[in-house]
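For reference, the structure discussed in these notes is given below.
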Amino acid sequence: MRQTLCDGYLVIFALAQAVILLMLTPLFTGISRQIRARMHSRRGPGIWQDYRDIHKLFKRQEVAPTSSGLMFRLMPWVLISSMLVLAMALPLFITVSPFAGGGDLITLIYLLALFRFFFALSGLDTGSPFAGVGASRELTLGILVEPMLILSLLVLALIAGSTHIEMISNTLAMGWNSPLTTVLALLACGFACFIEMGKIPFDVAEAEQELQEGPLTEYSGAGLALAKWGLGLKQVVMASLFVALFLPFGRAQELSLACLLTSLVVTLLKVLLIFVLASIAENTLARGRFLLIHHVTWLGFSLAALAWVFWLTGL
C-alpha cells in the first residue's frame, strides 16, 4: 500500500489517526471508570464525565509552586506530544505506518522513556515530598517494566527480520511461523502494556486512590487537564500498540471510503475490547505493595526471556 500513497496522504493519515485517538481518549477512560464503578456495585460517573472534567479544568486557574521550574511547566506538553508521535506511527487503521520515522522499535522505547522521564522529573521539580515519592516510584517501575517490553519486542523483531512496527505487524498478519515463541512474546508484551497503562496493582506512581496523587499533586488548571489527558492517551496508545502487533486483522487494504470506515470501526472495537479486558483485570486485583512489585514483574520478564530462548531453538 505504501507505493500507492504519496507523502501528503501519509501525513493526513498520521494526523487523522493521532487526532482520533486523542479525542476518543476521555471516552475510553470514562468507560473504564464506569466498569470499575459497576464492579464495585456503584452507579459511578457517566462515560462522558472525563470530557466534562477536562473542559472544567481548562477553565480553572493554573497555580504552580514557587520552587517549580521549566520541567514542571513542560511536562504536560511532553506527555501529550510524545504519545501523539507514537499514535501517528502505529499501523492501526491501514497496513502501513503513516509516520514511518516514528515506527521503529528504538524510537518507540525512547518515546516511552521520555514520557516517564519528564513525568518523574516534574514531580522532583516541585519540591513536594509526595510528588518526589511518586517520581521515584515511577522511575523504579520503569526499570522493572522496560526490559520486559524491550525483550518481547526484540523477539518479534527477530521473527519479522525488522525492527519497524509496520514490518512486524504485517509479518504476524500473514501467519505465525513460530507459534510458541509468538505466544510467549504476546503474553510478555501484553503484561508490559498492562503495566504501562498504569492499571492496578501497577498504579504505584499516580496512586489515584490515595490522598496525594504522586507527581500530579501540585498541578492544577490546564496543566492538570493536559497531564491527565496525556496519561489517558498513553493507555489508549499502549492498547493500540498491542492491537497493531497481535490483532492486525480488519485494517484497510485499499483506499476506498468503505474500507477505511470499516477499518476505523473494527480497530476501535478492538482497542475498546483491550480496554474492557484491562479494566476487568484491574478491578479483580488488589493494590499491591510497592516493595513487592518486582516479584510480579519478574514473571513477565521470564516469559520474554523464554520467548527469546524458544526463538533461538527454532520453536
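Going from the start of the chain as shown, residues are counted 1 onward.
The backbone N, Cα and C atoms fix where each Cβ goes, glycine too.
Noted in Swiss-Prot for the protein shown:
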TOPO_DOM  1-10  topological domain 'Periplasmic'
TRANSMEM  11-31  transmembrane segment
TOPO_DOM  32-73  topological domain 'Cytoplasmic'
TRANSMEM  74-94  transmembrane segment
TOPO_DOM  95-98  topological domain 'Periplasmic'
TRANSMEM  99-119  transmembrane segment
TOPO_DOM  120-140  topological domain 'Cytoplasmic'
TRANSMEM  141-161  transmembrane segment
TOPO_DOM  162-181  topological domain 'Periplasmic'
TRANSMEM  182-202  transmembrane segment
TOPO_DOM  203-228  topological domain 'Cytoplasmic'
TRANSMEM  229-249  transmembrane segment
TOPO_DOM  250-256  topological domain 'Periplasmic'
TRANSMEM  257-277  transmembrane segment
TOPO_DOM  278-289  topological domain 'Cytoplasmic'
TRANSMEM  290-310  transmembrane segment
TOPO_DOM  311-315  topological domain 'Periplasmic'
Would the transmembrane segment (290-310) count as touching the transmembrane segment (141-161), i.e. at least 3 C-beta pairs under 8 angstroms with sequence separation of 6+?
yes
Report yes or no: does the transmembrane segment (182-202) come within contact of the transmembrane segment (11-31), defined as 3 or more CB pairs under 8 Å with a sequence separation of 6 or more?
no
Excluding the flanking five residues on each side, which residues at least 6 beyond the ends of the topological domain 'Periplasmic' (311-315) place their CB within less than 8 Å of a CB in that stretch?
155, 158-159, 178, 180-181
Using DSSP, tally how many residues of the topological domain 'Periplasmic' (311-315) sit in helix, strand and coil.
2 helix, 0 strand, 3 coil
